[in-house]
Structure formats: structure tokens, C-alpha cells
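A.B. asks: Below are the C-alpha cells for one structure; questions will follow.
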Amino acid sequence: MKRETKLSLPTVEQLEAEYKRESYRRQYRKMLRSTVAALIVVAAVAVLVSNLFLPVLKIYGSSMTPTLKDGNIVIAQKSGSFARGDIIAFYYNNKILVKRVIGLPGEWIEIGDDGSVHIDGLPLEEPYLEEKALGECSIAFPYQVPEGRYFVMGDHRSVSSDSRNVAVGCVAEEQIVGKLAFRIWPFGEIGAIE
């Protein structure tokens, strides 16, 4: 004897509820896909902008204290011209160093035993220094900055390895990543860099 199976058809309310559930799932998936796509585009644009126009850098070491401290995070601005007093980031030995521009191309630099700096015979005012020091120095003074290069020094002169050392030397324009413009970390010190 054959047994008959009764099929029970869903009610209209059940069909409407299932339709709403399926419609919600489709909308959720569509919204999730569009959100993920938007996040990918935003991340790609952020990476592109940070690499091409506004590199974000982390400061390591104490060679720029008190102006910049170990762990500070800064934004560099790509620029074609640099002035005395600008803080720049540049490539050296597969690393990025951060120092202050002291001498411009063609200028004569003289640093005394007490750390006082003279540019073309005139004393350089350096209000950003806590103390002056000759530091590690392996070049003879007076020293003329070659064309297309910049003489740079750290603000913490006694520990900074910079243009006073033949190994680092003057920085060529091609080495420069950019001029430091803005500190973004720590939050208590957010602001323009001077």
C-alpha cells in the first residue's frame, strides 16, 4: 500500500515573511560589498597621497631634541625649495634621517669649538637649540657647501651625526623626501613644526 504524503503549502503571511527576509539579505550583501569597495578605494587613495605628496614619518632617536622627540609622528611636505631653518627628511644609507637645514648651496660654513655657527662670516641665530656643541666633526672649516646640496645638522648637536661628518656629508636635492610640516603624534603636541 502506498502512503500518500501531504504537502502543506505556505500561507501568504509565511511567503511575505520569507520574501522580506530574503530581500533584507540581498540588501545587506549589496551594502556590505559597496562598503568594502569604498574602503578599498579610500585606502588606495590614502596610500597614494601619503607616498606621493605627504609622506608620514616616525622619528627615531634623539638627534632632533628638543624640537622632535623619539616616537613623534610627522607629515612631510614634498617641496622643491628649502630655506635655512627648515627641517627636512632625506634618504641616507637606506634609512630616512631628519635634520635641520643650516647651510644653502654655495655658502661658507664655520663652526667654532664652542659650537657657534657662522654662515658666510655672520653668526647664525639658533633659538631652537638647548645647548651649542661642536659634536662629532670630521670636516675642516671653513667649509663650502657644494652646489645642489644642503648642509644639515641635528638640534641635539652633541649626539647628532650629520653634515659635520664626512660619512653623511651634505644632502643632495635628490635625497630629500620633503620638508617636515606637521606633527600628528603625540596628540598633546599636534601642530605645525618650526
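Placed from the backbone N, Cα and C atoms, the Cβ positions cover glycine too.
Unlike curated records, TrEMBL annotations are generated automatically.
Reproduced below are the annotations present in TrEMBL:
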- Ser63: active site (ACT_SITE)
- Lys99: active site (ACT_SITE)
- 34-185: domain 'Peptidase S26' (DOMAIN)
- 35-57: transmembrane segment (TRANSMEM)
A.B. asks: How many neighbouring Cβ atoms, not counting its own, are there within 10 Å of the Cβ of Ser63 (active site)?
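C.D. replies: Other Cβ atoms found within 10 Å: 23.
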A.B. asks: Report, in whole Å, the straight Cα-to-Cα distance of Ser63 (active site) from Lys99 (active site).
C.D. replies: 8
A.B. asks: Residues of the same chain, at least six outside the transmembrane segment (35-57), with any C-beta under 8 angstroms of its C-beta?
C.D. replies: 73-78, 89, 96, 98, 177-178, 180, 184
A.B. asks: For Lys99 (active site), just count the other CB atoms lying within 10 A of its CB, please.
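C.D. replies: Total other Cβ atoms inside 10 Å, all chains included: 25.
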A.B. asks: Work out the three-state DSSP category of Ser63 (active site).
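C.D. replies: Where Ser63 (active site) sits, the three-state DSSP reduction gives coil.
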